[in-house]
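These come from Swiss-Prot:
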TRANSMEM  31-51  transmembrane segment
TRANSMEM  52-72  transmembrane segment
TRANSMEM  119-139  transmembrane segment
TRANSMEM  152-172  transmembrane segment
TRANSMEM  179-199  transmembrane segment
TRANSMEM  225-245  transmembrane segment
TRANSMEM  247-267  transmembrane segment
TRANSMEM  283-303  transmembrane segment
Amino acid sequence: MSVVDQKAVELPPRISEAGVADYFALLKPRVMSLVIFTALVGLMIAPGHIHPVLGFIAILCIAVGAGASGALNMALEGDIDVLMSRTANRPIPRGRITRGEAMGFGLTLSFFSVMTLGALVNWYAGGLLAFTIFFYVVIYTMGLKRRTAQNIVIGGAAGALPPVVAWAAATGSLSVEPLLLFLIIFFWTPPHFWALALFRSDDYARAGVPMLPVVAGPDATRLQILLYTIVLVAIAAAPWPLGYFDWVYGVTSLILGAGMLVLAIEVYRHRTGSQALRATRRLFAFSILYLFALFAVLLLDVVAKAVAPLIW
């Protein structure tokens, strides 16, 4: 019996004491906030016009679909969540919600988010949302997370799809711009989560999750963080010279990218002691700011272009 299997039987009694706050926690609201924001950007920069009500429905369905994925993820990972200090206070490890209830909740939200998006907006977007949920729950959670150190790299595709779904909701098609947004999030994911994994490696080792620092060691992880950051900075800047986004975005991406690169170099250089811990925590925190700020510039640019004719 593995460590995870031995510990799984020590979960709190499965008598549900769930309240609204517990079900809300299943949705992973912090992750959902990032999904909502990136999806909103994908919707807003799309060409043409979508009725505001349909736009709201699209973002709501994408958010609920993301929450459904979070609930299903927690239902499937209750046995390892109880072993990790970062996740031990989630509703299932605390015995507030049973795994069966979380599974039912997640499946219900998945069904209604996909069907509502498809029926009221378009089935292209609905199909992409269904694929996103499937990829996160089945491919990443069930297939990759406990089996390979590349779990975050491949699984990151699910987190990169919301702006693509939103673009499809607005246009009923795909083009280069949403794929660029996808690539930015996709290559942002490994440095972000590997920085977290570096200072939470004991947690992952205890739970038997083969994150890169556990399998390959911290030095190899630091090198991978640096390499992925270099690729991220290049991809994030590319839409400007390619003519897809304007100079305001381009300059912002270079400034933010320089910050990411400097912090990634610091993580690579400082390998032991308090400096190493501080460097990884700073990169993790800045990476969140980086993605929000990069997408915020795109959103502000759309708003500015819409408002400018009213002012001048």
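Start at 1 and count along the chain as shown; that gives each residue its number.
From the backbone N, Cα and C atoms, a Cβ is placed for every residue, glycine too.
Predicted, not measured: the structure shown is a model, and the values here were computed from it.
When Cβ-Cβ distances under 8 Å to the transmembrane segment (31-51) are tallied for each of 152-172, 179-199, 247-267, 283-303, the top count falls to 152-172. Note: the stretches the transmembrane segment (283-303) and the transmembrane segment (179-199) are in contact (3+ CB pairs below 8 A, sequence gap of 6 or more).
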